[in-house]
């Protein structure tokens, strides 16, 4: 339904702006959109729509809970994907997650290329994977997001924004 689509695009556009400008995705933006999502789900689809929205909310929350738990992602990103899930449901949320993961990976590669660290990072990832396969503890831990040097972290709100558009394009691409 187009009204749900407009709501998601408006939400992600606002969050893209605040994330790029202030490096924050604000609760005062997310909460009204989540409440509007609940109201729209109930109005257009009844209790079945509310259940679908709640399933989408949980999908978005659970997909990003692990990166948040290991301090690699901000809470705003998690709540943004959960809010998108409330509005559009779990299937769309999975597509957004897939698109955001692809966009985030591409953004990370571009950042590493600009810093001249792509090859060393790929080597480190490869070594960590081999150590993990051999069941040897990694010699270092991930740097928590809040300790990352300025310019060393991507704005995942931008990746989620790209993921929303990818989610709309996937049905045409995957025909």
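Placement of Cβ uses the backbone N, Cα and C atoms for every residue, glycine included.
Heads up, TrEMBL stuff is auto-annotated, nobody curated it.
These come from TrEMBL:
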- 7-108: domain 'Prepilin type IV endopeptidase peptidase' (DOMAIN)
- 29-47: transmembrane segment (TRANSMEM)
- 53-71: transmembrane segment (TRANSMEM)
- 92-113: transmembrane segment (TRANSMEM)
- 153-174: transmembrane segment (TRANSMEM)
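Helix, strand and coil residue tallies for the domain 'Prepilin type IV endopeptidase peptidase' (7-108), in that order: 92 helix, 0 strand, 10 coil [DSSP]. Note on the domain 'Prepilin type IV endopeptidase peptidase' (7-108): mean pLDDT across this stretch is 97.
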